[in-house]
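First comes the structure, then the notes that go with it.
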Amino acid sequence: MSIPLSIEWSNGQLRILDQQKLPLEIEYVALETLEDVYDAIITLKVRGAPAIGITAAYGLAKVAQHYKTNTIEEFLEQLKKDAIYLGDSRPTAVNLVWALDRLSNTVQQTVTIQEAKNRLLEEAVNIHKEDESSCQNIGEFALSLLGKHTRVMTICNAGSIATAKYGTALAPFHLGSEQGKQFQVYACETRPVFQGSRLTVWELQQSGVDVTLITDSMAAHTIGAKGIEAIIVGADRIVANGDTANKIGTLNLALLAHAFNIPFYVAAPSSTFDLTIQNGKKIRIEERPAEEITHVAGKQVAPPNTKVFNPAFDVTPGKYITAIITEKGIIYPEYNKNIPIILDTEKGAIA
Ligand SMILES: CSC[C@@H](O)[C@@H](O)C(=O)COP(=O)(O)O
């Protein structure tokens, strides 16, 4: 039993697990060019907010090694252009631009091109390593918060393959498995592109976690029928008042948790917070191609030319979130007041 990883960086080579092919094929693909990285992100070969950020950081650092610019000013100009291009691939997960900004910031004061190239690579590795340790901390906090609760529901894949390792919402299950605590996880299949059935079920099976698949429409019934004790999800962007964008269907689960009076937890690293936005209405929600709904595994399941609305994310108001679990600590309402307190502290705080 092992926890699968989705991003490999070795000897200047960037390889990602092609998540479009899971669970039937386990194939790692090399990303060589900026266009490869853009394409991998937009087509969901690599997905999940932290994993997108890490991949973009490695991709940009790698491509920058081959810039043919003569001056550091030209180098920085090219870097900015490429960062804007990559940052445009998916709009909702803030980790993407957060990682690209970190790379840009780290070279602003450099004097030589070689120094800038080295620093870009170092910073991409830092982002990758930090995310692994963040996820481990999130898992430990989540384990303590879940306490005696073992029957837990989740949606999408906020797991190891969506991050550097362990995941966010799935981290307590992986760590629990290592420490001998067995959860019974109920995974929503997550229409339209099945991150729940294809990815979460596969990933949890790989690390020996007891997982049961349901369709999204079975969530309400399952909470009652199976005695679900808590719901835990990941996040793509958490804004100042705690409003949280995550995979479409998350809001349904939050409302159900409220109706059934069970806790609803969001698990995310500090790189997922965007405190420049005051409330969820201002979050840009990605809309994806109609074929994701009209077709399943390449087979048409709706009449030709069906009109489709396909938002990839929804926004859960902070008032429905029992707590936000970060690598620095657990944040309780009032989020406007408590988010900055925790994000500004060292690990181990509760607010
Ligand atoms: C740790 S991943 C957190 C989120 O990015 C995850 O829950 C999610 O919504 C992913 O959506 P996706 O469209 O698959 O990238």
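Note: Cβ is positioned from N, Cα and C throughout, glycine not excepted.
What TrEMBL says about a protein is an automatic prediction, not a curated fact.
Non-local contacts of Asp236 (active site, proton donor) by the CB criterion (under 8 A, 6+ apart in sequence, same chain) comprise Ala49, Thr92, Ala93, Val94, Asn95, Ala245, Asn246, Lys247, Thr272, Phe313. Summarising the annotation, TrEMBL assigns active site, proton donor to Asp236.
Around the Cβ of Ala49 (substrate binding site), the number of neighbouring Cβ atoms within 10 Å comes to 29. The substrate binding site feature in TrEMBL is assigned to Arg47, Gly48, Ala49, Arg90, Gln195, Asn246, Lys247.
Per TrEMBL, site 'Transition state stabilizer' is recorded for Cys156. In the three-state DSSP scheme, Cys156 (site 'Transition state stabilizer') is classed as coil.
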For the recorded positions Arg47, Arg90, Gln195, Asp236, which residues place their CB under 6 A from an atom of ligand 1?
Arg47, Gln195, Asp236
Could you say whether, by DSSP, Gln195 (substrate binding site) belongs to a helix, a strand or a coil region?
helix
Rounded to the nearest angstrom, how far is the Cα of Cys156 (site 'Transition state stabilizer') from the Cα of Gln195 (substrate binding site)?
5
Indicate the candidate from Arg47, Arg90, Lys247 with the smallest number of other Cβ atoms within 10 Å of its Cβ, considering only these binding-site residues.
Arg90
Within 8 Å of the Cβ centroid of the substrate site residues Arg47, Gly48, Ala49, Arg90, Gln195, Asn246, Lys247, which other residues of the same chain have their Cβ?
Ile52, Ala93, Cys156, Asn157, Ala158, Ala162, Gly234, Asp236, Ala312, Phe313
Cys156 (site 'Transition state stabilizer') has its Cβ surrounded, within 10 angstroms, by a count of other Cβ atoms equal to 28
